[in-house]
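Here's the structure we're looking at; comments come further down.
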């Protein structure tokens, strides 16, 4: 099952996110996920594992497990490379051992001090606050992203973590419209206005953290997991599915792409088994009532500044 982007390319509606995956486990993880049917992988320079992903993909191509054209590979421009878009994209392609990307995203709508292409540490000032570069506009960054399409380095380009205002601005100054906006959204953080705005204007929404980050975000940010919600647990019993499957199915029925992360084969399999049932309208309405406007991914913990305030 796939969503057709505004440029005609198709994006599988479920993918595997590789954030916080250790290099040594990635090869088996990607091999197993491909065998299970995954064809969409969500990467980023900031995840610091593009080289390991590249090795796994190269092996999958070499052994005939899958062809390059059968996969949809996304990666992202890091904050410190906004003034070096083409070089950063080429660096990611080299690490991933690919000739082109299916999708390249602006990871966050903020440019920071350049620390060297491919170096993804967050540049901090003397006060321990993110060192934001005020000389590079998001419009400048976007026009450099558009060059990637004409150069054949990326088939589609998009944005990530953009709100309605920034998305609207991007639509206004873009020659190549953003194909995707990747945002945190799950039953506790539904962001209905942003999702509907993007979809109204032909921008596909990809839901990162579609399970609310689960245990990983609870440990990293101290947030509450949506998977512990009694309403979701009740629906899991009703449909004879897991709580995670209910959350992912909810995302799919909103016509959003979901990219859950898991390093366990049984969870990979479970997360992919969401096409054999459908939530009723009543149950979708019930889940709509769970919205808490509750963000679980909190980069302010690392940056010393809350960009969402």
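Backbone N, Cα and C atoms are what each Cβ position is placed from, and that goes for glycine too.
Taken verbatim from TrEMBL:
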DOMAIN    14-291  domain 'NADP-dependent oxidoreductase'
ACT_SITE  47  active site, proton donor
SITE      76  site 'Lowers pKa of active site Tyr'
BINDING   107  substrate binding site
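Restricting the average to the domain 'NADP-dependent oxidoreductase' (14-291) gives a pLDDT of 94.
Around residue 47 (active site, proton donor), taking its Cβ as the centre, 20 other Cβ atoms fall within 10 Å, counting all chains. Summarising the environment of the residue listed as 'substrate binding site', the number of other Cβ atoms within 10 Å of its Cβ, over all protein chains shown, is 22.
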